[in-house]
């Protein structure tokens, strides 16, 4: 019997708020579990135990049925998020089911684990965590993942994204970009107030940070080919979950 998939949330249709497919209409499947514990994580409930009672162990067919029940025929794209969904070898059955139904799959991971099913992902964002996260990137593992994708002719489906909270993070991002210059590269403003319910104050704060980051990138000759993004869903809905 296939091993179940630990699911915390299924929601949508909405839009993707981050990375290479920002603005893309999508459904979301959020899995539980992560091998990191980033200091500023905006989805810590996926790994800190606070939502343990909410985890549902589901088969690929059950997840797909719930997606269709919620989204009907109003979607052709599914984003798998976490936590770190790359920890789940058993996701292969679900991704294959999406492919069988002509539904594109997107996934974001920090780049610590490679899975063979990465080659089935249409939009794969690898987001190594910067110093502000208090995590340390293993570049050997990241090298292995990106080399494996290239060997499987999947370089067109992958991008790199680094979340920026401070100048040290920006320097880290430049190091990543220099190491992998041929991979599309995105910088994104980090949300440093993931608990506030004052949406207007949060939006003004994040837009100010976004402008400051754009100003820095604009004059940096090492960042001529990067794209600088806001966290779009936060500007629309604040810290609300399930949107």
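Glycine is no exception: its Cβ is also placed from the backbone N, Cα and C atoms.
According to Swiss-Prot:
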BINDING   15, 16, 17, 30, 81  substrate binding site
BINDING   34, 38, 41  [4Fe-4S] cluster binding site
BINDING   43  Mg(2+) binding site
BINDING   83, 127, 128, 129  S-adenosyl-L-methionine binding site
DOMAIN    21-239  domain 'Radical SAM core'
CB contacts for residue 41 ([4Fe-4S] cluster binding site) [other CB atoms within 10 A, all chains]: 18
Residue, out of the binding-site residues 16, 127, whose Cβ gathers the largest set of other Cβ atoms within 10 Å: 16
Proximal residue to residue 128 (S-adenosyl-L-methionine binding site) among binding-site residues 17, 30, 38, 81 (C-alpha distance): 38
Euclidean distance between Cα atoms of residue 17 (substrate binding site) and residue 127 (S-adenosyl-L-methionine binding site), Å: 14
For the binding-site residues 43, 81, the one whose C-beta sees the most other C-beta atoms within 10 angstroms: 81
Between residue 81 (substrate binding site) and residue 129 (S-adenosyl-L-methionine binding site), the C-alpha gap once rounded to whole angstrom: 16
